[in-house]
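First the structure, in the form of structure tokens, and then the observations on it.
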């Protein structure tokens with residue numbers, strides 16, 4: 001029952017898709033059946049003779065099947081090519097996991113062609129396993145165990161397949177700073193323990209080509225020595241790229257390919273090479289010389305995306321055997337590299353055989369169906385119907401997990417062309433497997449019209465009938481080739497059908513017949529196209545209430561402009577010709593401060609609807625009406641001699657009116673006038689009510705001001721002199737008291753040091769002796 005479900009879903013999907021696509025046909029500049037087919041998947045062409053009437057364009061023949069049938073086109077005359085898929089199964093006797101082997105598609109633009117691809121996982125499918133090992137110094141214990149793995153690895157493969165082969169390669173890093181120590185002595189022996197024998201560092205060494213000889217594996221791997229480098233990340237991506245890019249050197253067969261990547265650390269990727277002055281991007285090509293990657297110091301590390309593409313292209317499934325601390329790092333890497341797995345490697349690699357078996361079972365139980373790069377004109381989508389009951393629809397690639405041996409799973413592949421394409425091919429494959437499906441794509445854009453329709457008599461003997469349309473001989477044009485050009489070029493005839501030298505003939509809405517436009521009959525009900533250049537119609541006008549020009553009761557559309565009847569106006573005849581809603585209590589339209597449009601006032605700036613009476617933000621013109629107020633009320637001021645002429649529009653009110661604006665301005669004599677302005681209909685038109693009393697202020701007493709000022713200055717001067725005199729007296733008094741105190745302290749008991757006595761006494765020294 002399982003294979004029937006995808007077929008039923010396929011049929012239902014195609015019927016649903018066809019139903020949706022056939023509901024509409026959007027066409028533009030259609031004159032042939034091919035143009036119609038390219039317009040959209042829902043378009044069909046009627047080849048019936050004389051299907052179009054006078055003035056109808058050839059594009060009338062292009063419509064949905066339902067519309068053509070409703071217009072009287074027989075079903076046998078409807079050209080509607082479909083997208084088709086033809087499959088060719090695999091040759092008998094060949095072990096294939098993917099079928100069919102070849103598919104031929106005939107694609108109509110916009111219409112998908114669908115076909116089924118079946119994958120059946122085979123038991124005992126041949127396997128090639130390449131063991132790629134990190135030989136940096138931290139892997140010294142692991143190398144000792146791997147040297148003994150040859151027999152175990154082959155026995156593990158033989159449990160899975162009848163034909164298994166193993167190979168070996170190793171890597172360290174680029175041999176430049178800062179990746180390795182470039183001191184000559186360190187290059188000879190990079191290990192930290194000088195007594196231990198180590199080999200010089202290298203980027204990648206291909207040690208053993210894929211073989212089924214386990215003894216040879218153990219012999220060659222047994223010769224390997226540990227090496228070393230400086231930084232923690234290793235050059236593993238460099239090595240993986242060479243393993244994928246050198247199939248002949250590695251010895252890959254066209255079978256399942258496994259790459260076991262064993263390490264205890266991270267990896268360098270694109271851009272890290274700049275640290276060692278390596279700027280050239282990795283080219284993804286094979287550069288092995290004497291089994292060594294000698295161009296390592298010339299090319300940067302590959303990017304993860306670049307490596308993922310190369311591995312997928314080579315159908316290589318990587319298994320990352322890494323230590324516990326690196327598991328999460330490489331799990332992130334497997335999210336980018338499809339068909340890859342991660343296993344936790346013990347510190348001494350003793351569990352590597354079980355790790356490989358577990359990872360292989362995980363990889364082989366999941367199938368990704370994908371295709372190579374396609375141009376933008378081709379779109380591919382996958383529907384996956386998996387054996388575990390899970391289904392996915394319209395995915396960029398097929399994906400099924402839990403695939404069991406000899407249990408088929410089905411993928412529905414839908415291919416759509418966006419335009420009429422050139423013949424081309426592409427390949428669908430299950431990632432990690434060698435089987436492919438070759439898809440050949442051909443355009444389905446031509447109409448297989450009846451040969452009988454190529455009768456020249458229908459075209460007056462001056463052309464041939466192709467799919468219901470005349471193709472005229474040279475010198476003749478027209479629907480039935482009835483117009484002779486008389487030596488005039490088609491450009492000259494068409495020139496008279498162009499408006500203002502436009503590039504569009506008859507505005508794109510008619511045919512140029514013998515130099516005159518014959519306008520098309522529109523597909524839109526009640527639409528009429530007319531004019532010398534078919535530039536006019538009766539529907540492309542403004543609409544009101546969902547109708548052109550508000551409907552026939554309001555007006556009619558003439559060449560883009562509404563012509564309203566006597567009761568309506570406006571660009572869409574949306575307004576009644578009435579001003580009733582614009583009149584104020586005095587019957588003035590919009591209070592003289594606006595215009596009435598559609599029975600609604602459009603007020604002048606500042607004035608508010610509905611009747612333009614109030615202007616909250618307008619300034620009160622008090623100062624401007626002060627001269628008229630003075631002459632009207634007090635018969636004085638600048639307008640006193642011609643008050644009636646200058647202020648004839650301003651009326652003096654005898655009593656105050658509520659709602660006016662209070663003003664207070666000076667008259668010509670400096671007195672204050674208090675008055676109220678009452679606005680009338682219109683702009684800047686006011687009546688005025690003036691208070692009887694003027695507020696006049698007496699002038700200042702000049703003599704008092706001058707006398708007071710002079711007296712104040714004199715008094716201030718006298719006061720300053722008195723203050724100065726008092727301060728001087730106090731200072732002298734303080735000095736006098738200090739002198740008196742010093743005088744009392746003085747004592748005159750000592751002799752004058754300058755006085756000399758007039759007598760001198762001299763003693764005879766001999767007198768005492770006698």
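A Cβ is built for glycine as well, from the same backbone N, Cα and C atoms used for every other residue.
Cross-referencing 38, 218, 220, 234 with the Mg(2+) binding residues that Swiss-Prot gives (136, 138) picks out 234. Site annotation (Swiss-Prot, ligand Ca(2+) 1) includes 138, 141, 142, 347; from 58, 264, 272, the additional listed residue is 264.
Between the candidates 173, 212, 283, Swiss-Prot assigns the Ca(2+) 2 site shared with 229, 231, 233, 234 to 173. As stated in Swiss-Prot, the feature transmembrane segment covers range 702-724 out of the listed 679-701, 702-724, 725-747.
The secondary structure of residue 481 (disulfide bond), as reduced to three states from DSSP, is coil rather than helix or strand. Among the disulfide-bonded residues listed (46, 506, 536, 564, 590), 46 has its Cα nearest to the Cα of residue 447 (disulfide bond). For the disulfide-bonded residues 481, 696, the ranking by surrounding Cβ atoms (within 10 Å, all protein chains) places 481 first.
Break the domain 'I-EGF 3' (536-574) down by DSSP state and the numbers are 0 helix, 16 strand, 23 coil. Note: the Cα of residue 472 (disulfide bond) and the Cα of residue 559 (disulfide bond) are spaced 34 Å from each other. Within the same chain, the residues at least 6 positions away from residue 573 (disulfide bond) whose Cβ sits under 8 Å from its Cβ are 544, 549, 550, 554, 555, 562, 564, 565, listed in sequence order. Rounded to a whole number, the distance between the Cα atoms of residue 559 (disulfide bond) and residue 36 (disulfide bond) is 30 Å.
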